[in-house]
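What TrEMBL says about this one:
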- 30-181: domain 'F5/8 type C' (DOMAIN)
- 187-363: domain 'Laminin G' (DOMAIN)
- 369-548: domain 'Laminin G' (DOMAIN)
- 550-587: domain 'EGF-like' (DOMAIN)
- 586-637: domain 'Fibrinogen C-terminal' (DOMAIN)
- 794-960: domain 'Laminin G' (DOMAIN)
- 933-960: disulfide bond (DISULFID)
- 961-999: domain 'EGF-like' (DOMAIN)
- 1216-1243: transmembrane segment (TRANSMEM)
- 1252-1280: region 'Disordered' (REGION)
- 1271-1280: compositional bias 'Polar residues' (COMPBIAS)
């Protein structure tokens, strides 16, 4: 039913023109006039039947729309769900619409009904709308006519209408009309050993066209058989085979009498096609493509074949010995068309068609009456056996359920009860002793019986021997030998038991059966189910007799992205394991769309799965993300090493192909999304021309995405036929635009970056000038590198409630996912809305603590809500919203709050049909508009360009600043968040760490002679030649406390770890004790009160040298540390006096690792390693950055741990690195104040300081190249141009 047909009222719709053309083409019924004539009004009363009639004047013959004959319409004796009205149209007819009306002059009408159709008046089939809707909406009064245009026309002779609901204040009352036109067809019946062979003209090429089409309809009760077999030139074959109710299209390419391996392709479509109803098939060949259509399902394959002949109904007609023998088709075919040729008509005339076996041109159908057990209350009760023992009985069934009761009855003479049921998709028979749970018999047979196919079960009890056989196969037979006769009591119950408290005859401890049964036999006598329907024998409840209502919910499958579909009678399930997608239909990707997104979850460099289009068709790919100052995405290929070439006789060109770790579709999507991409190319040459500039034809070129030769090299622009040196004007020979084109005997190099995204990546390279004597060359093509995500930061700011952005209609008929980020200070507002005639979809902030996702697909408004409790969402921070709607459920997620989910109604409308523009930030009514920012808005994996649309929209501004409020916490270890237009950066100037989030530990290995000295400015009293402004600096050097932190690893003990000196011979030293298990802090102050000298030993046992949690210590004293001179790591090389104990330890130097050294706001080790030329540091001995103190390597790519589905999204964990003696994380806070004395005075000496220590290095602090100031409390460690940024 079309969307505007939902609900009550008159509905008039025209069939789409394309639909009429398809019907004309497929069924060879070309109709000029519209097919909407009345079909019922002129029929005689004998064409009408019904389940019952209230009186002669309420008979079915009076059920004609707008007629007042009799009592004004049909009314049954009782108003219940077992009533029906049937119309015989006289012949097969094309039916395009139906209309209903209540009984004239009464309060009797039908408000909902089912529509059934049949060719023979039995084996009915239900008309389903959208492959899911069961019921039509009927009338709301007795007079109005409600008409429904059928989405797909029905071709049938009989129509049956089953009332479901009616006026509660009246009874069932109905008048009916159907609309359509005559339908003509040619049919042929095949008996399982016959076939037709259609040969083309003697010259096969003359009959071939650019487009060939084979079309037909078929119906059968057999689940296997060959419908079509064709053979063409070059031993190509096409075979269409029905196998277990599915159609398989086999495409083969043979060579002589042998079939090539990998030359066989099979395409499967359809399911449950052995239901004795007509199914349409079309095979269309056009331009090397093969379209395969079964009913409404279409698949496309590649095939080049010129058909010579076509066999219908089997493969034996042509007598080929190369084709494996298959079962022939048993059933009816209709309208066999080869292009415009009616093959059945040619067979009747015996022209170009040969007939093998018994082919008749009528369709005589076998009678088979199925019954459907649809609900929990369904059961069928039949009378049992006579007193004497009988042979047994049987039943055929089909179901998707793994469990359910097939048959139960009490044994005669109260011997016990028998249950025949499905358990774990196997047939199981149990007999329990009466009144007890003692199991007397327990046998099983068969397996995998929940596959939707028909399976038979035969139960034979004879002479003390009990046998059950499944599908009449010996391998599926079980036996038992009970010591008592197995004879049924008064009644047998199929499928379930009556729901009655007084029912003592039927007990069902198992699940009820849901599925279809047929061929029911009791005492080897077939049960007439039509008599059961007429209540002449037995009893039943909630059954659909004379139809099998099973449907395949996995064909076509709603599981996306390779999810595996399984089903039960009432629903289906998608197994999304190992697909990279999640949700009820495997629709939403579990991976992020870019490295940028992973980075802003706090992740570091590593391998990550990138799904560049989210829920779109492009698969995810494992890609390396290099998260440095910029977030680089690195895609490797099969040859990134330098490849050397030498002159070879007979070889004029060298061709190199590059296979990337991502396929072409993934590559182009990544490149399009990135802000910048580049790929390095290098050509190393000696007497080997590159581009043959300035005027010659290039010897070497490369091909990128466009498949066009590119004649420019790295560093140049497209179309220039230059290298980078030519563009910059610095080639070794000014007459040429490439260094290699100078054709010199000396080695030369042309290298640079290719940055034109439309041409990337480099797919292959042709090197041409390598055949001359003495020619040598080498080339290298680096990996593709891209940075920036244009979609991740794409944002718009809405500053008026009446403002909005509009985009084309959102198409998410069966699956729709919406994701975005927002921030606002407003209490409510609509994020987006899209409307249809009745359908709509909307996401809104309904209150500061609630987000609502609402929609209507024809089942009424549906809402999913997420409440955030005490957490307000209007806090001007970024919040993420993800909403998804599919045929099974709707879900909504906000940030990390629990996911809210609502199940879709069973058998409801499933298609979301929208037709208006998509409004973002507001609604079409301009009410409840959103105030704030929306960013990275993605619908079904496609990002909407908010910024471009905002540039031309009043009341909306592109971009949205203020990211630090949300992402500032990612800056670790005293890193400072810095706002940028698209994103933010972390300034690590005050941190001893480096990296994009100030999380990378800066470490170095020290040898005994290694020394790093960081020198501060001299105080004012010690250098009177400096400006008077320095007095203010000097006052800052009277420190009330020092914050010293670092990590180390060493097998040396004792050892001097860190030494801080002042211009007044004060010092602070951190020592590792002799036992290697504790750290001492030593502080010497020669200017303590009354000119006495105080030496304090600050001792603390930290912890065992191993991996332990961090411990902080506050050590206090009554002294001040004045005029700090330097901080030394490793060996102290200064000439001043050292304490004897310190000197003794210093002579040994330090061997080990130091990491993340911080003294107040200064990071001396980081300055020495990363900024040695612009920092006041002196390095003696070897010093190089290493990973010795880091929990993650500086370059983790070679041994990276990949992201796992079961782990944190985006999180890549590295193992902690152990050392010989472990790691001690030492943090010493020395607060020199007069509050308390926690250390013992060991030594005092009165002394006046008279001498001045030698000056250390004094760099120019105001120089713009000097990133580290020498004040100990400096708050600006890095200069502005050296701060670490990322986008």
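Backbone N, Cα and C define each Cβ position, glycine as well.
What TrEMBL says about a protein is an automatic prediction, not a curated fact.
Within its own chain, residue 960 (disulfide bond) has 795, 796, 797, 823, 933, 935 as residues 6 or more apart in sequence whose C-beta sits under 8 angstroms from its own. With Cβ pairs under 8 Å as the measure, the domain 'Fibrinogen C-terminal' (586-637) is packed most heavily against 794-960, out of 30-181, 369-548, 794-960, 961-999. The predicted model assigns the domain 'Laminin G' (794-960) a mean pLDDT of 93. Over all protein chains present, the Cβ of residue 933 (disulfide bond) has 23 other Cβ atoms lying within 10 Å. Mapped onto DSSP helix, strand and coil, the domain 'Fibrinogen C-terminal' (586-637) counts 5 helix, 21 strand, 26 coil.
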